Amino acid sequence: MSNKEGSGGFRKRKHDNFPHNQRREGKDVNSSSPVMLAFKSFQQELDARHDKYERLVKLSRDITVESKRTIFLLHRITSAPDMEDILTESEIKLDGVRQKIFQVAQELSGEDMHQFHRAITTGLQEYVEAVSFQHFIKTRSLISMDEINKQLIFTTDDNGKENKTPSSDTQDEQFGTWRLRVTPVDYLLGVADLTGELMRMCINSVGNGDIDTPFEVSQFLRQVYDGFSFIGNTGPYEVSKKLYTLKQSLAKVENACYALKVRGSEIPKHMLADVSSVKTEMIDQEEGIS
């Protein structure tokens, strides 16, 4: 083998032996062939799926933003003179969030939700957090996943507003009913985030001189923590990660209750929040060392 031919000389000579009409680069592509038509249909299907995914991501972002605004509104209850006005306004905001979820349900009509779950999971978790926060303020209890899903049944008659009477799958096809089911993982992650909002509500209540709310929140968080402890590391990875944050929130609430119970009689109410915040910083430092 000469130096000019190099290591690829044999391959080049072998390629030159092919007739010109059999070379790949010289062959015209028939755009109307069955293979090309099949791949064009695949391209259209993938483009439509990607476009749908992007629309769902935008809707999920809107759901997240509106749900956060509802949570911020509900935090004003600790200092507002009339709680009913804020609850009414929060219900209006949640109705707006459900209108966005109705659009998601329409986008997912006839589709496998699990293929697009990653696009909407953030918004659903934030919605669960907002609606469960409102439910706790009203009833001092935890809303169930079934109750949340019942609120996510929509019909064309009321233009997407919640339907109080759940319908069967046959009725869904007959009357044009859409529904979106919150998955157990979305529900658990939303409830885990709820504990952080309850911790903030507890600290704000202490600062406003409310000595009942911290103990109610503390008892509720203990029950939630016990429930998550049963799941432990056997559940989804995201749930086990939230367990540490939940434990921190519970410790801060219990510390606020300690400040109220032990030192409440000797410290003015307007200073209790400062005492609890100092204790909270000490807890964070100890957990960081450990």
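Heads up, the Cβ atoms here are built off N, Cα and C, so glycines get one too.
Copied over from Swiss-Prot, here are the features:
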| type | residues | note |
| --- | --- | --- |
| REGION | 1-32 | region 'Disordered' |
| COMPBIAS | 16-28 | compositional bias 'Basic and acidic residues' |
| REGION | 73-208 | region 'Interaction with C1D' |
| BINDING | Glu129, Glu197 | Mg(2+) binding site |
| CROSSLNK | Lys279 | SUMO2 cross-link |
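Glu197 (Mg(2+) binding site): 19 other CB atoms within 10 A of its CB, across all protein chains.
Note on the region 'Interaction with C1D' (73-208): its mean pLDDT in the predicted model is 86.
Remark: secondary structure over the region 'Interaction with C1D' (73-208) totals 94 helix, 7 strand, 35 coil, with classes taken from DSSP.
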